[in-house]
Ligand code: SF4
Ligand code: SF4
């Protein structure tokens, strides 16, 4: 059956009228920042104090876009007569975000909580080579990582916090004890 003349125009006008009454969905970025969920996967932050240079993240990254350099350092024995130890010192930690596919495997596998998702997303570059970000930048992004969610009421204290609290209590008790030369 031949279409009624003008029906296409009427349909088009109906769509226009319907859309005019709806709330606009256009994001006015960069004039207005989008409201993102706090756990948005924007970029990866490095808490380098926790990194032991175990290389697990670099080995597990499917894109091989984590670059780590380190050297070994000898640490004197903790107690007299003890053995010297050696430890890895981080020289370079960089991520090439032109290759990264934001899978989060590096963050999941890090055994020492040194990598975190940050919601920061404004790091576009005009030159792809500038998307390799070094440790200083990754460290800076750590400040944009949201605090972990609160524990459930009655949940067991995390073992790291329990250990730190016990150490702090021991130190406080040792400082409170009167020294022999004061008595
Ligand atoms: S998020 Fe995935 S692709 Fe990106 S650096 Fe981590 S492991 Fe590699
Ligand atoms: S897995 Fe974690 S501790 Fe190991 S090298 Fe990567 S960031 Fe450092």
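Every residue gets a Cβ built from N, Cα and C, even glycine.
TrEMBL: automatically predicted annotations, no manual curation.
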Segment assigned the feature region 'Disordered' in TrEMBL (from 144-163, 164-183): 164-183
Identity of the [4Fe-4S] cluster 1-site residue among 103, 110 (reference: 51, 54, 57, source: TrEMBL): 110
51, 54, 57, 110 excluded, remaining Cβ within 8 Å of their centroid ([4Fe-4S] cluster 1): 52, 53, 55, 56, 58, 106, 109, 111, 112, 114, 115
Additional residues surrounding [4Fe-4S] cluster 2, by Cβ distance to the 61, 100, 103, 106 centre under 8 Å: 44, 57, 60, 62, 63, 65, 66, 95, 101, 102, 104, 105
Entries of 51, 54, 61, 103, 110 (binding-site residues) sitting next to ligand 1, with Cβ under 6 Å as the cut-off: 61, 103
Neighbour-count leader, CB within 10 A, binding-site residues: 103, 110: 110
Helix, strand and coil totals (DSSP H, G, I; E, B; other) for the domain '4Fe-4S ferredoxin-type' (91-120): 5 helix, 10 strand, 15 coil
